[in-house]
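Structure record follows, encoded as structure tokens.
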Amino acid sequence: MVSVPASGTTPFTRSIEDAARAGRRVGTTLVGPAVLVVIAVNILPAFFGFYSSLRKIFFFGDEGFAGLDNFRSLFADPLTWEAIGRSLIFTFGALALAVPLALLAALAVRELGARGRILLTILLVPWAMSPIVVALLWKWILLPSPGGLFASILATFGMPPANLLSNPTWAMPTVIAVAVWRTFAFAAIILTAGLGQIPKDLYKAAAVDGLTAMERFSRITVPLLAPSILIVLSMLTISYFNEVQVIIGLTSGGPIHSTTTLAYQLYLTGFVELDQGRGNAIAVVMFLINLVLIVGYVQLLGNKKGGEG
Amino acid sequence: MAGTGSRLIDRRSALKGGLAAGVAMPFIARSGFAQGAGTVRIWTFMSAEGQSPREKVFKTLIDEFEAKNKVKVVVEPQPFQELETKFVAAVAQKRAPDLVWLRDTFLSLVVDRKGLADLNEVLTPDFKRDALPDMFEVFTQKSVFDGKRVSLPIWPSPAQIIFYRKDTLREIGLDAPPLAWETFTDAAAKLTKGDRIGFGLPTSDNSVSAFINIMSGFGPEIFDKTTGRLNLTGPQAIETANVVRALVAKGAVSKTLLNAMGDDIQDQFAAGRFAMAQAFAPRFQQYQKIAAGYDPKELAVSAWPSFGGRPPAVLLGPYWTVGLAATSQNKEAAAAFLESLYTPAASMRWAKDAGLIPDRRSVMKDPWFEKPEAAVTRNFYELLSGKGAFVFPQRVPDITKIFSVLNTSLQEIIGTDEKVEVILARAKTTLNW
């Protein structure tokens, strides 16, 4: 009498299932600690932040459930809408400056070879510096008095000092420029790696076909670099949208709120005014805006890959 | 019965023993720590290893206390802006230090979070009898909440005061800044010359407000006695705003400093950019040392000008106080260390070596204060003792918000042509007052 396994499995299939189970166990074991860390460091604080946004918390004193009051008062305040607007101006203004600069730097690095790598190393120095140190450094450079470096340079041309950080019109462009100075080299690294993936044969073939340098750039470099550019865009968007240290160090959100972004508003409300309930409400709003932007980029990236496929 | 009797005796013995222990406990505790009991942890903005004059004195006092009492004093320096928040969080987590430096403006908030012990229960009778009455009452009284003394003020100071250069004042025929706003604005305007600006005002700070300092020229009544609020749309606030506008119109205050922090103004003052500036009084010595572009001996201090013939204003605060954590497990030793910071000898040392105003007023009788090097300390002492000296009320609503809101208003007053009434009304709305 031949015994047939009740489940219809054979020793062979069982061994495959066992191997798969063992594989899953190894996978779970390997990924487990990372998941636990993410839960402990990201997920739980995020939930706590959301929970806190629904409570009235001031100076570490929880005064009870507030429902959506923090959000209502936040959106009823015109300063919030202005701060959201300034965050978007800061983010996209910085992107508009940083990405072309990073692309230029990456192209220069590729063209210069070994010397290009030295250039990239030099460009990376600001990125390695603490943002608050960068801010203080630029504050000194831009000091509108005889002690300031920029003022001294202007003085050699017989020009008066420029009050960039004290001028409500110029403060935001100045803060954007400093933020870009600090971060564009990071984007340049990613784009340099992306450029390295483009087969050189394509350029040779294009040259044989008589394409100009500009045409090679627009028809080969840009399309093939698009995934890297999208990665850069998404990473810098999050970075710029959440940028606060450069603003704290340079302008403290002023003059007259002209550099008060949502991130600075969060710092001011949560850490200076110690209105932690409302501060967490701002954090939730920032998270949602970040989420929308990321989803947008992921869609773009997905479509791009799909298109290529 | 015998058994009952023995139980009674045991109970009596136990009661007597307990009573005796209870009576003796405070003395045992004091003498106990003197034999070397535990560690006193301190949170302050100073480091025990720091090299500023104030830190050196602090270190000396710690060393002396440790040698005398065999108690270890551990200083855990914290960023000064975070002392109160970190302390409240630490109290909740039962890991607070024994002693903490706090700004007076935050006292009520920390008291509300039940973070501070009642010092009346741990200070020695000698200290209460000799030291407390010898300190500036305007400061010591602010630390008493509902009969509980929650902290001791340290280094009485006018906080934000006017630093000026005597050499620049001499240029316009004055020895010191005028002490009435009507004449001060004209003098400040005359002091603006070339790259030098007459008067430097910080306009971007989260714990200092030049607007409140100017308004203090109206005296303590600027704070409502019941609510502790400033009347931001009242005639005094409007006149204050008009004074600022006049300073700008006359060129005494520059629009180019629309976004200057207190430190920026003080650093630029040290570099010679201003003839006069709002500055943090305890840093006077430091600014004498880093003065560039002028003789440090020309540096001097002044009270704020006043309005309508009132006494020159000295708004005392924010200033430092030292509190004992409610959760401290070593209250006796911590209180003993606290007391050691206020002995006449310690006060003398703070004054002589660190240029601070002595906490104990009696030490001002020391002949050292007659010497030229003590002239500034004497000057500060006179400012504190003046009729125009007053502190922020114990409870100022929205104290964490008011400075940034009023600094934005100040920026608007300096940098725009908008009506001051509209600007101040907006500040009031922002504060929900």
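Cβ coordinates are placed from backbone N, Cα and C, and glycine is handled just like the others.
Features as listed in TrEMBL:
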DOMAIN    A:84-299  domain 'ABC transmembrane type-1'
TRANSMEM  A:30-51  transmembrane segment
TRANSMEM  A:88-109  transmembrane segment
TRANSMEM  A:118-141  transmembrane segment
TRANSMEM  A:170-196  transmembrane segment
TRANSMEM  A:217-241  transmembrane segment
TRANSMEM  A:247-268  transmembrane segment
TRANSMEM  A:280-300  transmembrane segment
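With pairs at least 6 apart in sequence, the transmembrane segment (A:118-141) and the transmembrane segment (A:217-241) have fewer than 3 Cβ pairs within the 8 Å limit; the two do not touch. Ranked by the number of CB pairs under 8 Å to the transmembrane segment (A:118-141), the listed stretches A:30-51, A:170-196, A:247-268 are led by A:170-196.
Taking Cβ pairs closer than 8 Å, the transmembrane segment (A:247-268) reaches residues 79-80, 82-84, 86-87, 90, 131-132, 134-136, 138-139, 165-169, 171-172, 174-175, 178, 241, 279, 282-283, 285-286, 289 in its own chain, all 6 or more past its ends.
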